[in-house]
Each structure stands twice: as C-alpha cells, then as structure tokens.
Amino acid sequence: MGNRLQRAGLLALFIAALAAPAAAESQTIQVPPGKPGELAYIPYPVTITVDGNTSEWAGIPAYTVDTGPYVSGDTTDNGQFVWSICADMRNIYIRMEMPDKKIIAGRHGQNFWNEDSFEFYFNLSGDLDAAAYGQGIVQANINATNIGKDDPTGLSLTGVRFIEEGYDVSGYAFKTDSGWGVELAMKLDNNLAPYHGFTIGMQFQANGATAKDRDSKLIWSIYDTGDNSWKNPKLFGTGVFYKLGSADIPEPSRKNLPKIVARKNQPLDKLPKVRVNQLGYLPKAAKWAAAVIDAAEPVDWELVDSNGKIAASGKTIPLGIDLSSNDPLHRIDFSAFKKEGTGYVLKAAGAESFPFDIAADLYHGLSKDAMRYFYLNRSGIALDESLAGEWAHGPWYASDAETRPFSGKDSFGVEWPERGYVLNASRGWFDAGDYGKYVVNGGISVWTLLNIYERNPSQFPDGSLGIPEAGNKIPDILDEARFEMDFMLGMQVPEGYDQAGMAHHKLHEPVWSPMPHRPAERTDDRFAFAPSTAATLNLAASAAQMARLIKPFDDAYSARCLAAAERAWKAAKENPEFKYGRIPGNGGGNYDDFNLEDEYYWAAAELFITTGSAVYKDEIAKALGSDKILAAPIGPNGPMYWGGVSTLGHLSLALNGDAIGEAERATIGSLIINGADRYLGQIRDEGYLVPMFEYEWGSSSSVLNKMILMAYAYDATGTKEYLDGFAISMDYLLGRNALCKSFVAGYGKNPVHYPHHRFWADDPDSGYPPPPPGALSGGPNEKANDDATSFMVAKVARSKRYADDIRSFSTNEVAINWNAPLAWAASYLDEQYNPASGIKPAGKKTAFPAAGAIIGIIGALAAILLAAAAVVIKRKK
C-alpha cells in the first residue's frame, strides 16, 4: 500500500500543520489523503459530542460513495451517500448521510437491509486476512425507524457480533434538508485503544428504497463488488489511525490486499441501442434486429463488414412503444443478406450493434456446451480435471448411495414415520442453483434429452461429448440421460414396504446450504422426502421412454427400466391422491403438483409406445377427450414445463404415429400446429420478436419449449415460417432483447456472468469458477422476488426485470429443465443449417394427416408474420 502514496510530498504538507487536539469545528484538521474505496485515515483524538448536530464534523474529511452492485442513478434520491470517521481514546465516531426523497422504514421487520439504512463494519481483531467473522470483527445496521428517537442508547440495530463483543453503539438518526443521516459512537472496550498507525479493516454501506424494497446498494470498499462483506471481512477496506499533529504518515500494516475484481456487468444505458443475436446469424435463416430509436418514421440502416464497408442497407420498420419494455422500437430486416463473415455491425440513427458473425456452424459449439452442462452437474462422482477443466471437483454427496427417507418432525412440526429402508439415490444431476435432486424435474429433463435422440439418433454419438463413458458404443446423449435415470430408479420405494413402487419426490438437506458453497463428499444430513404420485408418474414415463431407446445397446438395463415403469404406473393407480406440497418446507424446492391428469397421460403414452399394451392405449384415448390435455400446446407461457407435461405425450406420440390411429394422429397434429401458429403470432406482436407475452419464472425455457413445438410443426409441414420463427426466437435468447443480454454464459459480448449457482460463483480466489459456457439463465421474470430484483416490480418494465446477480434466484438461476431445451434447440439449428455438422437428417419425423390442408390454413398468417412491410405494428401507450 505504501507505494500507492507519494509519501515525501505528503510529509511536507503536514510538518507545518501540527496542532494540539481540539474540537473539530474549532480547527482545520490535517488528515493524510487515503485511496478512494481502499484506504482512509482515522484522525484522533478528536472531540465529538454525539447529539445529532453535525456542525462540529466540518473539519473531518468526508467520503462520497456512489457505486455498488446496483444504484438508483439519481444522486438526489438514494444515489449516493457521504461518510466520515474519527476517534478519541474510547470511541470511534461515525457520520453518514444520504439524499432520500421518500424514507422507507419499518416495513421489513429485522431485515433493515431491505429498506433505508446504513451499515458499518470493523475488523479490530488484528487479523486483517480473516475471511470469516470471529472475535473482534463486527457489523451493525441502523435503519430510519430511529429518526426522532431521544434516547441515544435506545437505537434499533441489527448486525453481527457487535453486541456479543461489547462494542456499544449509541447516537441519533435525523432528517436532513435532502434526506436523512446518523451520528454514532461505538465504544472501544475489550482493552482496545487507538495508537498512531493502528490498522483496521472497515466498510461503509448504504441501502436505499424508493418505493418498498431496497433498490440501491452502495458500498465503499472496491474489493466488495458483490455485496459479500456481511460474510467475508477480507473484503473490507483499510483504516489507519492517524494521531493529529504527527509529522509522519503511518504505513498501513495490511499487506495482503484482496484482489480487486471488476464486475463484468455493463449498465444497460452503456450497451448498444441496436440489439442483435450476439453470437451471430445463419446465412440462410431469417435475420432480424431491434433498435431503440425514438422516431416515428423509418430511418436508414447499414450493415458494415469487418473492413468498414457497407455490405447492405435499407429502412427500419418503426413500431412505436413496445409495451413489454417501454422502449421506442424499430425493427431491421436484413434476411436477404447471406454472405458469411465475421465482425459485421449494424448501424442506425447514430447507434450501432455489437459485432457479430454470419456463419453456418454457429450452433455446433453451443449444442455441445449446452449438453456439457449436465456432466458438470453430475452428483456423486468426481469430475476429473481432464474432462471438467476448472469445474473439476470431488465426488460430492457420494453418500447419496445410502439415503434414508426423512423421518421425525419437519419445519412445520409434522411428524414423519420411519420407513425401514435405505435408498441408493446416488448419481443424477444437481437440479439448479442448489444441490437438491428432484424426480419431477428430472422427468421433463430426461424426456427432452431422449427426445433429441429419438427424433434423430445421429445427434451426440458415442465420444462426442467428452464424458467418462466415451468409447462404450452407446450414444453419449443416452449415457448422459441414463445418469439421471439411475437416480430416479433409486428413488423408487422397494417391494415389501408401504407404497411400494412409488417414487420419493426429492432429495436434499433439511435446510438451505449457503451461497456459494462447496459441499462435502459424505454427509448423513440429506434425506429422501415423502413419495408423491407426480414423482411416481414422472418415473413411469421417463423409464418407459428410456427402456425402448436403450434396448439396442443394453437389453438388461432396458428391462430394468421397463419393470420400474410398470411398477410405478401400478403404484400411481393405487395411490392417486398423494399430491405434494411443502415437505419438509425448507432446504429445497417444492415442485408441488396437484393436478395429475397430464402426468397420467404422458406416462400412458410412453408406456404404450414401448409396450403396445391396450391398457395404456385406452388411457390415451380417454385423455385426448379432455379439455386440459387438448389445451396444453397453446398455453400462453409455453407448451410444457415440469408441472404441465401433456405436450411431452403429444410429441412422443407424434414421433411414433404408426402406433396410434389416424384420428389420434390428426388430433395431435392439429394441437401441435395450432400451438406453433399461436407462438408465431406472439413473435409478430412482441416488439423484440419473441414468442412471449408474459415473462414468467424461467422465461428463457418457455421460449425454448415453444421453439420445440415450432420445430415439430416444421418437420411435419415443411413450412419455412416455422423454421424462421425457431431461429428468430433463438436470437432473442442470445441478445436481441430489451436488456441487450445473452442469457447463455460464454456466448455473446454481454453474456451471463453471475448465475444463481452455489459453485459457479465466479470467485476463483475462493475456489469458485465462473459459469461454464452454455449454461442458460432463467431470464426476465415480471414477478421477480429476490433480494436483487424485488424492487423492479414497481419500477421496471416487465421484460427488463432481471439481474445478472448470484442472489437473483427468480431471474438468474440455472436448471436442468432449462438447459435441456437449449441443447435441443442448438442441436436442431446445427442439424438444419450446418452441412459440416456430421448430423444426418432426422431419422424420425412427425407425419400428420392432411398436412397440405393445414399448410393452407396457416398460409395467410405465415405471409404476414415475417414479410418486412407487414410486420409493422404500432404499439402506442
């Protein structure tokens, strides 16, 4: 640190400024300059009377902070704060003030951090390298409910260890002309007294709320870019006590400074106004961009190549205000340009896009990275560095091979009985941002991977994915799906016990693990929670599907899967009402499902395709008379998700149409076409050309699942508009959106950096790698409700309610059921557009009766969907 200060010059400034200690207001206090966000000198002894009158602080240096993980952007309203510090021999004195137009306090219980409040932190332990709280390391938070209190010792405070350590805090909170502030004294007990050069860790933060929840978080220390000082004191800045009148500037004793890690996120107002697919475009596919331009008339656009030459040009299509983003939008159609190349840039109205490529092989790497996601989330085995690279680790939770069903009292006080058996629930994938494993979510994820293979067996052959099973003469995609299938089979209740054949719903700890967190290899604190009918039917469907696809490669495993599937079907019929809520209510997700009509249909479809049994065929016929089953593919938020699986049955039956009658094929065909048409209409009507009106939890996966339906419609009809809609939807995920964000890690100029994942925390110094390329973020959520985004609901347009922040489980989590359709979509584009992919044309395609009539019905819609002149939609407020 000493080499950062021009010490000789500073010494000269102080030699003539020595004076005896006195009240701050009666003298000009000379304090050495520090380093913004890193170092501040603490003058002592200074006489301060803590009374809420800050006039005597006039001579004390004040530090302004206007940076943090998220800021209001308005310096007159929670956009900055000022702090000062000084001391005498018994107290540290603190002043903090913040402009605030509307003070929010008393609405969040003890969660002071979620409203207007100040925080201060001190490490007085002498161990400035400490990375965890211990003796001598304290944090306190004071909120605005303290304004007007007369008793300086009666403050409402929360924090860490300051009470246990005996560091009494007293003072006042008060209103100012522009907002509010505090004047505080923290008593230095524990035989601690300042001395010249005494070095401590310290941190100052301010939280601001303009409506309800916190929407501004300002942090002084530049080492803490992710709001982690509350758990890691190593991220504090440095304070050095300076005895007034001293001729020397003391050298900080702190030498092992934290690494300054710049946040990779870019503010939206600094990002390009012309929004494109940041990976690029396929030469023969539709090519659309969106531009934020406040103009009612068309403007000129240019496509410039890497040499700066104009490669194409035209006029934009003005849309007016897009209601989902509140952006004034124009569209740019450059579909006619097909020349491959790198470094293309679109320009319009003085703005330009990120550079992008035009190439046929754009999705070859992404398809494999999206699949690699599953290997990197394997449970119970060591991930070898030769295969996993920086994401390698030990065999986390290998002890799942001896999993006990949960018994005893849960967090709601419900008593669960002993079950008398142990499950081998090893293997499987960690589900999402947590380390839980869930049969329900495993079901749709396994189906999606197996469906890739069933539709086209040339996808992901043996040796293509870099997994340990390479060389076993089984396609890698089947090996990967089998890894999760093993877990699901292991969750089945053994014969001879109550509810035999049913599947336990989920497996995880009884409390949430910290964030971030590297788990143990073995623990006795993970449990299989109660069986459910939904999990049982997911097992029946997935195991039946696996049985028929793995049979040519492993007949014994196929037989095992089919036996488990039929046992599960029988158990579900015998236990139809064991539906799932919050059990035990903590430590993992619920995946609660109370309507099981769709699960019965899907399971019957997979079992019928595999066995040909009339029992299952009758179930299919009955289901196809149900309004719920018939409505599934045209749902506003996607044709399928973990709790709505009818469409999985439709698509499996569509691929195996010879097994059912012509009437059933026609019914299923019309469902798929109608759903695809609906989603083409959403693309047309949504400003950023995305098949979505409502931005729900996991919106990215909703887009991808709609794309799968469009692909089936294209396979069946050959109508190009479905393929164009598919490619256009992928453009949204890779950057042509209201956030100018690629929701896929490692892809694009502004990709996801900080997903909600307990291992991929992007903190290499602490042993946490960045997210691997190909990991998909959940995306904007209009009902965002986590610490990083909850404030957005009242302030931010719905398609922008997203934060690339590890805390944002409601917008930035990753999950197996989201990455599976990304693998499906990327591999489909590689198959359709990349002649060098090595992928053969699909071996199985849907074939619907009277396809020509269906094409005629959609012809008018197709004509207006993507034709440049007809896409104009004026969407005014």
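A Cβ is built for glycine as well, from the same backbone N, Cα and C atoms used for every other residue.
Summarising the annotation, TrEMBL assigns active site to Asp804, Glu813. What TrEMBL records for 77-238 is domain 'Carbohydrate-binding'. Residues or ranges marked as domain 'Cellulase Ig-like' by TrEMBL: 272-353. Taken from TrEMBL, the feature domain 'Glycoside hydrolase family 9' covers 363-825. Among the features that TrEMBL reports, signal peptide is placed at 1-24. Residues annotated as transmembrane segment in TrEMBL: 850-873.
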*Please work out the number of neighbouring Cβ atoms within 10 Å of the Cβ of Asp804 (active site), leaving out its own Cβ.*
23
*Cα distance, Glu813 (active site) to Asp804 (active site), nearest Å?*
9
*Neighbourhood of Glu813 (active site) by C-beta distance under 8 A, where only residues 6 or more apart in the same chain count*: Ala432, Gly433, Pro755, His756, His757, Ser777, Gly778
_According to DSSP, collapsed to three classes, what secondary structure does Glu813 (active site) have?_
strand
*asked:* From the DSSP assignment alone, can you count helix, strand and coil residues within the domain 'Cellulase Ig-like' (272-353)?
replied: 0 helix, 41 strand, 41 coil
